[in-house]
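These come from Swiss-Prot:
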| type | residues | note |
| --- | --- | --- |
| DOMAIN | 3-167 | domain 'EngA-type G 1' |
| BINDING | 9-16, 56-60, 119-122 | GTP 1 binding site |
| DOMAIN | 176-351 | domain 'EngA-type G 2' |
| BINDING | 182-189, 229-233, 294-297 | GTP 2 binding site |
| DOMAIN | 352-436 | domain 'KH-like' |
Amino acid sequence: MKPIIAIVGRPNVGKSTLFNRLVGRRKAMVDDMPGVTRDRNYAEVNRFDVPFILVDTGGFEPETSDRLLQQMREQSRFAMDEADLILFIMDARGGLTPADRDVVDMLRRINKPVFYIINKVDGEKQEAEAGDFYSLGVDHIHTISAEHNRGVGDLMDEVLAAIPYDREKELDEEITRIAVVGRPNVGKSTLVNRLLGYERVVANPTAGTTRDAVDTRFTVNKKPYLLIDTAGIRRKGKTVQKVEKYSVMDALRSIERADVVLIVLNAEEGVTEQDSKIAGYAYEAGRGCIFVVNKWDTLAKDNSSIAKFTEEIRRNFKYLPFAPILFVSAETGQRTGKIIAEVDQVMEQYCKRVTTGELNRVFTQAVDENHAPLSAGRRVKFYFATQVAVKPPSFVVFTNCPEGIHFSYERYIMNRFREAFGFNGTPLKLIFRGRDKKDA
């Protein structure tokens with residue numbers, strides 16, 4: 001297991017700026033609005049051939065009456081429990097605060113390496129003004145400017161020397177990547193917390209509480225997974241704040257990174273146009289898909305309720321007839337235990353390979369039973385089919401008329417492949433290609 005380094009500190013001291021500086025890309029949102037980084041945000045970093053997991057936390061306020069800040073504080077404490085090494089960030093411009101002193105007192109009681117860092121020290125003037133921080137009585141204080149990369153290299157040299165790492169124990173493991181997507185406040189964060197068994201993501205009734213896409217590694221029956229809890233995707237007209245625009249892009253990037261996408265729907269509201277757009281993103285990206293109908297426990301139901309909602313999904317998502325549907329309650333845990341098992345089944349189909357012999361037996365039978373329509377008066381001939389890729393399963397069909405295959409016939413061939421080989425939960429890619437003369 002890679003060592004874990006947690007970045008903690010009060011809101012708006014520059015934790016996310018340092019996080020992004022070390023990660024080398026804009027993974028955590030950076031904005032002047034206090035509390036922008038609300039959850040623990042994970043990233044894998046490899047610096048000078050030393051790999052580690054970096055954790056960016058929400059702001060740490062030791063004493064606060066604000067509910068969201070209280071939740072962020074608990075997340076920071078959880079991150080410190082997980083971490084092998086802690087970077088505690090303070091703000092040179094804001095000066096030393098009583099809250100800083102309280103956190104330092106708490107960190108002294110933790111039996112882990114702690115680096116005390118004063119951020120926003122852009123030059124000698126700020127260096128001189130940072131003298132108050134030395135009254136904390138800690139062994140060593142590092143002064144940096146994360147924004148301007150001042151002192152960061154020297155800091156990390158010392159950090160890398162201090163973190164525990166055993167290269168022999170580091171495994172190159174295959175991991176199933178799961179993205180959780182949906183409109184704001186359909187219950188994604190509650191679902192993530194239910195799957196993981198603890199409060200990993202701040203779940204709050206306010207729509208849009210989860211702003212960053214937050215990655216979490218976990219294992220089930222010794223099998224590794226990476227869970228990506230995306231920020232809710234809003235309709236374009238409602239994406240007013242700059243920070244919310246970041247979240248939409250982050251959610252789309254999360255879909256691109258995933259193998260399997262959990263499309264979370266709100267049972268109370270039914271299927272909306274925005275749900276269709278979100279599912280369309282996953283389909284167009286060629287990802288395995290599972291519909292998760294959340295808040296199912298809140299509905300008054302009869303014996304036909306599941307059938308009716310299933311029909312509504314199939315009617316609105318005609319391009320995803322292969323996606324399994326699960327009806328769950330993240331709040332109570334009802335049926336959530338089935339999700340990972342379903343992910344495993346979809347992942348198996350997403351990676352499935354079919355031999356050329358088996359494929360052409362099914363393909364030839366399908367063509368014999370239903371010939372392709374003429375193309376501009378020309379008879380369409382097929383030669384053979386072969387699988388060329390997985391994730392998703394992709395096939396090339398060689399023909400004399402690659403431009404003349406109607407989409408309905410393409411759908412017919414894919415349906416026959418599904419009947420024969422399954423491919424439940426995964427899209428298929430079918431490419432028609434002309435045969436080279438040398439192959440004729």
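FYI, residue positions are counted from 1 along the chain as it appears here.
A Cβ is built for glycine as well, from the same backbone N, Cα and C atoms used for every other residue.
Fewest other C-beta atoms within 10 Å: among the binding-site residues Lys15, Lys188, that description fits Lys188.
Taking only the Cα positions, the spacing between Val121 (GTP 1 binding site) and Gly182 (GTP 2 binding site) is 41 angstrom.
Following the DSSP three-state reduction, the secondary structure of Lys188 (GTP 2 binding site) is helix. A sphere of 10 angstroms centred on the C-beta of Gly9 (GTP 1 binding site) encloses 23 other C-beta atoms.
Here the C-alpha separation of Asn12 (GTP 1 binding site) and Asn185 (GTP 2 binding site) works out to 25 Å. Of all the binding-site residues listed here (Asn12, Thr57), it is Asn12 whose C-beta has the fewest other C-beta atoms within 10 angstroms.
Mean predicted confidence for the domain 'EngA-type G 1' (3-167): the pLDDT average there is 77.
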